[in-house]
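Here is the structure we will look at.
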Amino acid sequence: MSASDFSSAVVVLAAGAGTRMKSDLQKTLHSIGGRSLISHSLHAAAGLNPEHIVAVIGHGRDQVGPAVAQVAEELDREVLIAIQEEQNGTGHAVQCAMDQLDGFEGTIIVTNGDVPLLTDHTLSALLDAHVEVPTAVTVLTMRLDDPTGYGRIVRNEEGEVTAIVEQKDASAEIQAIDEVNSGVFAFDAAILRSALAELKSDNAQGELYLTDVLGIARGEGHPVRAHTATDARELAGVNDRVQLAEAGAELNRRTVIAAMRGGATIVDPATTWIDVEVSIGRDVIIHPGTQLKGETVIGDRVEVGPDTTLTNMTINEGASVVRTHGFDSTIGENATVGPFTYIRPGTTLGPEGKLGGFVETKKATIGRGSKVPHLTYVGDATIGEESNIGASSVFVNYDGENKHHTTIGSHVRTGSDTMFIAPVTVGDGAYSGAGTVIKDDVPPGALAVSGGRQRNIEGWVQKKRPGTAAAQAAEAAQNVHNQEG
């Protein structure tokens, strides 16, 4: 039988102040890999498919409560909330959680909201170990080369846990033990409920310790065992910004490795950052300095980077995106983007289309094979198929109060430095001359031009800027011209 065959509940402790973060944001709301710390913990808990998940919140609960609700919506399952009004220790926090688990009988796993690397696989292994042999408590432990600062796991000859001894209370013999407490436990619900009622705060901190449940259970003749995690890095807690960065780097390392094993080439893993929700296809090439964030989807045979940041983007098969910042938009098959392109939300570039250097788009739909090659702003616009927008063109969409839409047809050719004063429509097959300001609709197949004829005022520089280098150059050129004439 596996963990999924047994009744379980998961309690996630997230009530602490997290003062070492030195932040106005509650500790578990800091993010790595595109998720908050508590989101990582809740996703791991949900991976067990337990009957109940309870999040215990307290400090900063006005921030944490809505965040938990959002994660519950993403998971499409209920996450119960327990409030710890005063942070009176881990035992007290679990007491608060038990109010939400009234009548539950089964296994209760207690984990923390600041262990973002902990996986559902490890929690499942803990649950399996707990139910394999009837046990009151199973401690998830880890072995460390340097266990300094951690509570040591003391076992008897049968391998049962007899004590968890904190560093300050440990003898030299016990300090030599490399197996330590991770702070994650599996409990028999009935035994936990009974032991919690017996907790005392007669300790240096004046708090109720969850670890005291182990002694109470053993005192009543119940077995306490341990399950050792295969990867201690999963159980690293985050208490300050340094540990946040370390956890983020380790999570990213794992995510990048998974992408490479899935068929992507990542040229420089050290400078490539990929959020956990990102999807990457096969035969993808990712160049240095690339960040793939949010729910970005990278199709097969896409090339990304270098120096590219994509957030909630969909890049379809065969496209190329170089030195680009893009948000909440879609790039079609075999399209090309960049370099130095800024794609704002609501952009759709069709298959085989192009957004070139120093192009910015926003709420723009650009059809199959259409190109915006250089130095252009396209906002609130629709461009048909196989059209070409000349360099340095601007879609003038804002009148100071409202945004307006521009529609460009298919097979349109516009000259450089064309201004489209929205709302305006350019029909299929139309052209515009360089420097044209289009204020009125252009019929299909028409050539739009604007502005008066060029007028040259002879001698203006010598008259208005006498003695300047420009005036001297002009006079010299005129003398040469007169001599040749």
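Glycine is no exception: its Cβ is also placed from the backbone N, Cα and C atoms.
Here is what Swiss-Prot records for this protein:
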type: REGION; residues: 1-241; note: region 'Pyrophosphorylase'
type: BINDING; residues: 13-16, LYS27, GLN84, 89-90, GLY151, GLU166, ASN181, ASN239, ARG344, LYS362, TYR377, ASN388; note: UDP-N-acetyl-alpha-D-glucosamine binding site
type: BINDING; residues: ASP114, ASN239; note: Mg(2+) binding site
type: REGION; residues: 242-262; note: region 'Linker'
type: REGION; residues: 263-485; note: region 'N-acetyltransferase'
type: REGION; residues: 465-485; note: region 'Disordered'
type: COMPBIAS; residues: 469-478; note: compositional bias 'Low complexity'
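Calculated from their C-alpha atoms, the gap between LEU13 (UDP-N-acetyl-alpha-D-glucosamine binding site) and ASP114 (Mg(2+) binding site) amounts to 8 Å. Spacing of ASP114 (Mg(2+) binding site) relative to LYS27 (UDP-N-acetyl-alpha-D-glucosamine binding site) is 8 Å (Cα to Cα, whole number). Annotation for ARG344 (UDP-N-acetyl-alpha-D-glucosamine binding site): same-chain Cβ neighbours under 8 Å, separated by at least 6 residues, are PHE327, ASP328, SER329, GLU360, THR361, LYS362, LYS363, GLY379.
Rounded to a whole number, the C-alpha distance linking ASN239 (Mg(2+) binding site) with LYS27 (UDP-N-acetyl-alpha-D-glucosamine binding site) is 8 angstrom. Cβ packing within 10 Å was compared across the binding-site residues ASN181, ASN239, and the lowest neighbour count falls to ASN239. DSSP assigns LYS27 (UDP-N-acetyl-alpha-D-glucosamine binding site) to a helix. In the predicted model, the region 'Linker' (242-262) shows an average pLDDT of 98. Proximity of distant same-chain residues to the region 'Linker' (242-262), defined by a Cβ-Cβ separation under 8 Å and at least 6 residues beyond the stretch ends, is recorded for 21, 30, 32-33, 116-117, 233, 236, 269, 272-276, 278, 280, 282, 284, 286. Using a 10 Å Cβ-Cβ cutoff, GLY151 (UDP-N-acetyl-alpha-D-glucosamine binding site) registers 23 neighbours. Counted within 10 Å of its Cβ, the other Cβ atoms near LEU13 (UDP-N-acetyl-alpha-D-glucosamine binding site) come to 28, all protein chains included. In sequence order, GLY16, ALA17, GLY18, MET21, LEU37, GLY113, ASP114, VAL238, ASN239 are the residues of the chain that are 6 or more apart from LYS27 (UDP-N-acetyl-alpha-D-glucosamine binding site) and have a CB within less than 8 Å of its CB. Residue counts of the region 'Disordered' (465-485) by helix, strand and coil are 16 helix, 0 strand, 5 coil (DSSP-based). Long-range neighbours of TYR377 (UDP-N-acetyl-alpha-D-glucosamine binding site) (same chain, six or more residues apart, CB within less than 8 Å of its CB): VAL359, GLU360, THR361, SER393, VAL394, PHE395. Around ALA15 (UDP-N-acetyl-alpha-D-glucosamine binding site), the same-chain residues six or more apart in sequence whose CB sits under 8 Å from its CB are VAL56, ILE57, GLY58, HIS59, ARG61, GLN84, GLN87, ALA93, listed in sequence order.
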